[in-house]
Amino acid sequence: MHLWFTEKQNDNFAISYRVNETLHTETTPFQHLAVLDTVPFGRTLVLDGIVQTSVVDEYVYHEMITHVPLNTHPDPRRVLIVGGGDGGTLREVTKHPSVEKATLVEIDERVIAASKKYLPELACGFDSPKAEVVIGDGIKYVAEHKKTFDLVIVDSTDPIGPAVGLFSLEFYRSIYEALKDEGLFVAQTESPYFNTDLILRIYRDIAGIFPLARTYWACIPTYPGAMWSFTIGSKKHDPAQVAPEKIREHATRYYTPEIHRASFAMPRFLADRFR
């Protein structure tokens, strides 16, 4: 008999993965944490029953949440990552030569520990001399730092449990205050197929605070619907108007200058909702 893990998206839809082995499981002070070795996607991080990342397709998410905003800013030096305890976002941020310091604030240190042990391909980001790790509340940390960062990346779990406040209007206002005059921020904003209303709410909240708001997307097989959105709030620079020659090349597997531009092209079913 085979072992299966099932992630329930709603009452009518679920995704199941055949599992080779349960590598790790624990209940932390904040959430249930598991690392599974799945047949289709290899080692997979699961928090509160929801797949966060896998070693097979993690590069898509981590490249798109980082390189799009980093290549939008003309000279990003200070970067804040809220969440991102697996280390993948930190790994990509530190590839940029202009970045002098990347601070990662993670509320659950057990996520970092498990990632270092079972997901070293991602957690190698913690080894960068540019990296600073703070164990604590990202909302509080942002509120305590005014005009400090060129880029804030909200690499959060879904809007449940400890991550609920990371999707709030008050938090977006706090991020605006934490950014320098040319700063911008990006957040993962869920599935266009299953969370359209949430995406629209987040977009409108951000557009009410920042001069520029843009939503873009990427194909990520392990996420529900395999299509995932990200939303940017920018004080000055438009991520959808970055000239190809301005996009800095890095060792990537998904992100390219062409993908950067194409990611802002909305399918009609989604574009119609933004009108």
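Here the Cβ of each residue, glycine as well, is placed from N, Cα and C on the backbone.
Marked as domain 'PABS' by Swiss-Prot: 2-235.
Sequence-distant neighbours of E106 (S-methyl-5'-thioadenosine binding site) (same chain, six or more apart, CB under 8 Å from its CB) are G83, G84, G85, I112, V133, V134, I135, G138, listed in sequence order. Here Swiss-Prot flags Q31, E106, D137, G138, P162 as S-methyl-5'-thioadenosine binding site, drawing on sequence analysis.
Neighbour list (T157 (spermidine binding site), Cβ cut-off 8 Å, at least 6 residues apart, same chain): Q31, L47, D48, I50, Q52, G83, A163. Here Swiss-Prot flags H62, D86, D155, S156, T157, D158 as spermidine binding site, drawing on sequence analysis.
Reduced to three states, the DSSP call for D155 (spermidine binding site) is strand. Per Swiss-Prot, the feature active site, proton acceptor maps to D155; the stated evidence is sequence analysis.
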Exercise. Show which residues of the chain containing S156 (spermidine binding site), separated from it by at least 6 in sequence, have their CB under 8 Å from its CB.
Key: V82, G83, A163, L166, F167, A187, Q188
Self-check item: For the S-methyl-5'-thioadenosine site built from Q31, E106, D137, G138, P162, further residues of that chain with CB within 8 A of the site's CB center
Solution: F30, G83, V105, I107, D108, G136, A163
Practice problem: For P162 (S-methyl-5'-thioadenosine binding site), list the number of other Cβ atoms lying within 10 Å of its Cβ atom. | Solution: 20
